[in-house]
């Protein structure tokens, strides 16, 4: 098992490990299909994106042709079954109003779900983690630098925690 106690150890272990390109020969013989190269050609997501973009361009062109072509010109082309021109303006207008109302509803739901600024839940809640108390050992000034260099290499990463409100107040306002 690999136990890492500090970021420096992680970096040194990553540098010392050599990359392993390819699999052992026995595994290739057991699963001959797994060793093959992937099939050449476009991915399905690329095909769907291309078809979707072409469809949007064609639909936009048909919409604009229907919206701006006069009715006598459409009848002369033999096109007699189409929606009234009212919908050429109504559909985009309704879509924009629906988008604006949905944005307002989203903002309103966020305001309703947010606690008041005077609430203690803005400072801490059930997911808050207090920082563990650090053990401080008095060190002689002559050996302080040597000990600090040795401890820095072996110092583990501190667990994720919240900064207490007392510490923030001391940093912002001093010891008043």
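Every residue, even glycine, has its Cβ placed from backbone N, Cα and C.
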TrEMBL annotation (region 'Disordered') - matching range among 15-42, 43-70: 15-42
Correct range for transmembrane segment (source TrEMBL, candidates 86-107, 108-129): 86-107
Confidence summary (mean pLDDT) of the domain 'PIG-P' (45-173): 86
What does DSSP give as the helix, strand and coil breakdown of the domain 'PIG-P' (45-173)? 81 helix, 2 strand, 46 coil
